[in-house]
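**Q** Dumping the structure here so I can ask a few things about it.
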Ligand code: UDP
Ligand code: MG
């Protein structure tokens with residue numbers, strides 16, 4: 001059987017040979033049962049990634065690649081890989097060896113042993129090597145999104161997973177432009193089990209994430225998979241109407257009992273500022289969703305391919 005390995009690469013000239021060497025050991029162990037079919041997706045790298053891929057693909061018939069016309073992001077690379085993968089089983093792996101190749105063997109065994117299992121994912125139980133503040137916010141993000149969205153997002157789950165063909169086809173039916181794969185994997189359903197492992201640091205190169213990009217990524221997740229922020233304005237509005245009503249009654253009684261000395265302009269300013277802020281915030285939230293609708297209605301392609309080593313599937 002064919003096992004497609006999708007590998008998104010962005011500036012990974014150093015990691016690719018190391019990754020491939022590790023994977024050859026895995027291929028040796030899978031021999032007779034699975035033939036690995038590599039599909040590297042060069043996501044507009046600025047270094048020699050494409051040259052490395054060209055060479056690798058020439059010397060190994062199992063290796064193929066796609067190269068984008070520019071950097072479209074990992075989500076786009078993943079989608080491109082899934083669309084072009086030909087395997088009966090499909091896996092998605094980072095090239096920096098943070099997704100340990102040995103786990104792939106365990107994943108294959110688990111799928112072989114359980115006929116009704118559709119997918120094996122893996123999740124990090126530790127976040128060693130990561131700034132504590134980042135781990136803290138990551139945890140808060142998972143708490144929040146699981147509370148306000150219908151799909152379950154597993155804390156620490158990576159994109160590294162092994163899926164059966166029918167699950168891949170289901171994911172491909174989700175054709176939205178704003179792709180948040182962690183959400184889509186869970187939204188399509190199917191039976192998934194998670195293997196656990198300890199975090200491993202990158203072998204070479206640098207991560208393309210910083211705090212700000214992670215923050216934006218989590219906002220994407222929320223906006224793509226929850227409508228709860230949209231109701232914040234409604235609830236806040238309702239709440240302040242009630243407060244205003246109660247305040248009005250209080251003022252009437254106070255005036256009747258104690259007369260009407262003029263006081264309280266600082267509190268008035270604070271209230272005006274607060275409500276103004278709240279209105280802008282609500283507008284901003286609506287704007288964010290509107291922006292998503294805008295991009296979605298344009299129906300632009302998620303990625304563009306400039307070069308490929310084999311014909312489109
Ligand atoms: N990646 C990509 N496009 C991008 C950024 C990253 O294809 O715009 C790839 C990258 O080459 C790697 C994987 O996505 O194989 C994960 O990236 P990274 O290691 O930077 O993320 P982290 O492991 O820190 O979450
Ligand atoms: Mg990484």
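For all residues, glycine too, the Cβ spot is worked out from N, Cα and C.
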**Q** Suppose you had to name the range TrEMBL annotates as transmembrane segment; which of 210-231, 232-253 would you pick?
**A** 232-253
**Q** Under an 8 Å Cβ to Cβ limit, what residues of the same chain, 6 or more beyond the ends of the transmembrane segment (232-253), are close to it?
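**A** Residues 275, 278, 281-282, 285-286 contact the transmembrane segment (232-253) from elsewhere in the chain.
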